[in-house]
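Trainee: My questions will all concern the structure given below.
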Amino acid sequence: MPGVSRGWLGRRCASPLARSFQVDYENNCFRKDGAPFRYISGSIHYARVPRPAWRDRLLKMYMSGLSTVQVYVPWNYHETLPGVYDFTGNRDVEAFLDLTAELGLLVILRPGPYICAEWEMGGLPAWLLWKPDINLRTSNPAYLAAVDSWLHILLPKIKPRLYQHGGNIISVQVENEYGSYYACDYGYLRHLLGSFRALLGSEVLLFTTDSTGVEELRCGTLQGLYATVDFGPGSNVTEAFGAQRRVEPKGPLVNSEYYTGWLDYWGEAHASTSAAWVSRGLEDMLQLGASINMYMFHGGTNFAYWSGADYKDQYKPVTTSYDYDAPLSEAGDPTEKLFAIRTVISKFQPLPFGPMPPATPKYAYGWVALRKYADLLDVLDVLCPSGPVQSQFPLTFEALKQVHGFVVYHTQLPWDVRDPATLDAPPHSICDRAYVMLQKEYQGTLERDRQTMLHITGRAGDTLDILLENMGRISFGANASDFKGLLGNLSLNSRPLSNWLIYPLAIDTAVQQGWPHTALPKSSSGGRVGPAFYTGTFDTPGIAWDTFVKFPGWSKGLLWINGFNLGRYWTRRGPQQTLFVPGSLLHVGHPNNITVLELEGAPPTPVLLFLDRPLYNRTLGDTCKRVRKGKDSWPGL
């Protein structure tokens, strides 16, 4: 079994008192069981990797020469509603941690409660915003009560897996990059320190991570928490560790997030960082004796609605792919960057024996024809079985207790509009995209921080429907409470519209139960414009391999295969042009059901194309750069 040669795994039955992981301030190093120790680690997020692939990804990380993996725990992935917990299936964090131990890997655990990670709301549950006056990431009593309740569920699962208790968790991070948050609330950090100590004991090494700025390290560090820093390959290593030394004059040098690549935003070019640049910076740090975690080593995928957003002068939603240009690709394949990193590691410590596991097999299943099932507005009875909420003025997702997805706001024109009238919203009140239908005819889209008005004509009594899409709550940046929906009144020629029927949609519940494939066929309009569902099936030729689906001529929407939400596509904006489809989702021997919700406009012939490689880097008006593992384009795409 890989990992026994690391030494610690074979001592699992030893007395817990013999096991220790500590900071040696005199010799500026960590000590594991009394011996000097330096970790080389990589980040992997179990929530972004299908459970059947966990072992493959972790084994590849081990065979790359890593001693350790760094793992976030997203609170909102587990406490889906207040007091409702899910640790099953892909959310079985204990099974994931046990697998790391089986493979001989140590763990650096980052349980938050805030994690950033470009994850929906930085891992904080959206239901916290049901209390509109809550103040996140502060000593606010309502926030602390929710945090404490969650920690009392999570941390008892962690304690027996601590290194001191015979497990493989060597350290635990408290909060995350707190110095980048406006609040600078030391009382909050002290409260967390007390909770972590009470629930995990006095021996576990607790630490913080912040960027290297003076203000960030002032607000993000606290006595009793070992301070580490994060920086990428473009940084001056000496200066960056000098920043850590200003707050931790003694102890090991630690870069908790050494960036191997970067995230992608919709509408911007695919981020890439050269293997030579990343490996050179890694070698520089290792020569200083530093402990390093590479963020990310394997990025994975923001399935369903889990991608977050940044706010940098405007709202910037993150793509479905979290490939990150990491050493292991989105599909878990070793890249040139991985082998460059492995070569650097081999200069400082022996690599495990044996070959690197190969890339998983991919299959191009080819073209699949879809047919229109129904316009979204014609199936509200299925998608909102409890019926609409009546309100004089629009309500937010939070007021409706809708966490993810979509809400329809329905009203009628109160007067005749013969000349084009301006339909608009106050600044910052479209959160995040509003698809406008008049008499069920698509008129256009309003968008946060972009287009906020349309011109319409109609008669008194004409139906006006606004489908509101949540594109992911802010996970970093301004990081204020990011409410979703219509946050203000829509106006027609500056006169507010009122008398709304509001439909919170439970699309995923319906699709997971087999709809629309198990439903009777609908007689739908032949129109291709506006929000509508499309369905189709395909068979696998006796194999269920990973694949990538492309959306030729489609605009924007979501894809489900066999009831699993693979996330958002946005062909028109890019850069991502394909969605990753894990082979573990596919059936062999009976058809695979495809459901597409297209929001703006489907092609005249609605087809999907399944490829054996991804397309990450095409944006509107942007020249194609490279696409990992292949050419820039293929004939006919």
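Quick reminder: no glycine exception, Cβ is built from N, Cα and C everywhere.
Keep in mind the model is a prediction, meaning the values are calculated, not measured.
Here's the feature list from TrEMBL:
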DOMAIN    30-347  domain 'Glycoside hydrolase 35 catalytic'
ACT_SITE  Glu177  active site, proton donor
ACT_SITE  Glu257  active site, nucleophile
DOMAIN    394-505  domain 'Beta-galactosidase 1-like first all-beta'
DOMAIN    531-589  domain 'Beta-galactosidase galactose-binding'
Trainee: On the DSSP side of things, how many residues of the domain 'Beta-galactosidase galactose-binding' (531-589) fall into helix, strand and coil, could you say?
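Mentor: The domain 'Beta-galactosidase galactose-binding' (531-589) comes out at 3 helix, 27 strand, 29 coil.
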Trainee: Using a 10 Å cut-off, grab the number of neighbouring Cβ atoms around the Cβ of Glu177 (active site, proton donor), all chains included.
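Mentor: Other Cβ atoms within 10 Å of Glu177 (active site, proton donor): 21.
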Trainee: In whole Å, note down how far the CA of the residue listed as 'active site, proton donor' lies from the CA of the residue listed as 'active site, nucleophile'.
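Mentor: Between the Cα atoms of the residue listed as 'active site, nucleophile' and the residue listed as 'active site, proton donor', the distance comes to 11 Å.
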Trainee: With DSSP, how much of the domain 'Beta-galactosidase 1-like first all-beta' (394-505) is helix, how much strand and how much coil, in residues?
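Mentor: DSSP classes over the domain 'Beta-galactosidase 1-like first all-beta' (394-505) add up to 4 helix, 58 strand, 50 coil.
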Trainee: If you count Cβ atoms within 10 Å of the Cβ of Glu257 (active site, nucleophile), leaving out that atom itself, what do you get?
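Mentor: For Glu257 (active site, nucleophile), the count of other Cβ atoms within 10 Å is 23.
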